[in-house]
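Worksheet for the structure shown next.
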């Protein structure tokens, strides 16, 4: 959304802009609110990573939390600059993260253990190469939506087989933040022309970032609980300062 103010980064080269005035607060930050709204995602991912390392969860969950941080940092770079190269630093990690979720969701029942990670790694590498050479906007969104849809049936299966009330509540928070975040994203895209005449911009895309930061945290927490159950680690959901849920486990002494 152009407003004519000079910028440190030069003309916009990204294929997508959002409903926020460019360089309204600083010549170094194109979309101020869309940039800083990624901070909660980084902090939540850091909390999740600390818990995963402290209780020695499988490395896949440490990688998952780190990927959340990388994605948020890439998103900050993209919205701060609105440059095509930085756009790739946002969109490519989005795809890599979804491939990691697919691995975590489906690998417990996959009989050929080496085939899935090998295929997903090669798929992610191929996408990164193609995405670096070809600009596609709608195609990327469709591709990303398909990857997300592949995860939802498996998440629902985990939900219906989970008996723990607190864990099911975390799964419901995951679904609620996904729904609300998607509404904010659509609101920002569809009503942008109308919003430009409003006295206050509700910053729908920035709200999407915040909600998806919590969404990722809730998804990771629920998956950590389910995996701990599969491994017989007696997981339970506890709350940090009575608010933020996380998984506490008790591994058998043999482990």
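Every residue, even glycine, has its Cβ placed from backbone N, Cα and C.
According to TrEMBL, the feature Ca(2+) binding site maps to 18, 20, 22, 31.
If you draw a 10 Å sphere around the CB of residue 205 (Zn(2+) binding site), it holds 23 other CB atoms from the protein chains shown. Sequence annotations record features per position, and here TrEMBL assigns Zn(2+) binding site to 79, 205, 209.
Here the transmembrane segment (32-49) has long-range neighbours at 18, 20, 24-26, 61-62, 65-66, 68-69, 71-73, 75-76, 79-80, 203, 205-207, 209-210, 212-214, 216-217, 220-221, 240, 244, 246, meaning same-chain residues at least 6 beyond its ends whose C-beta is under 8 angstroms from one of its own. Under the heading transmembrane segment, TrEMBL lists 32-49 (among others).
Residues 9, 12-14, 17-18, 22, 28-31, 34-36, 38-39, 41-42, 44-46, 48-49, 52-53, 89-94, 96-97, 100-101, 104, 209, 213, 216-217, 220, 223-224, 227 of the same chain lie 6 or more positions beyond the ends of the transmembrane segment (61-82) yet place their CB under 8 Å from a CB of it. The transmembrane segment annotation in TrEMBL covers 61-82 (among others).
The annotation transmembrane segment is assigned in TrEMBL to 119-136 (among others).
Per TrEMBL, the feature transmembrane segment maps to 173-191 (among others).
Among residues of the same chain six or more beyond the transmembrane segment (206-226), those with a C-beta under 8 A of the stretch's C-beta atoms are 20, 33-34, 36-38, 40-42, 44-45, 47-48, 52, 57, 61, 64-65, 68, 72, 75, 101, 104-105, 155, 158-159, 162, 164, 167, 170-171, 173-174, 177-178, 180-182, 184-185, 188, 235, 237, 245-247. For 206-226 (among others), the entry in TrEMBL reads transmembrane segment.
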Cα proximity to residue 79 (Zn(2+) binding site), best match among binding-site residues 18, 20, 22, 31: 31
Distance from residue 22 (Ca(2+) binding site) back to residue 209 (Zn(2+) binding site), taken between C-alpha atoms, in Å: 18
Alpha-carbon spacing, residue 205 (Zn(2+) binding site) to residue 20 (Ca(2+) binding site), which is rounded to whole Å: 9
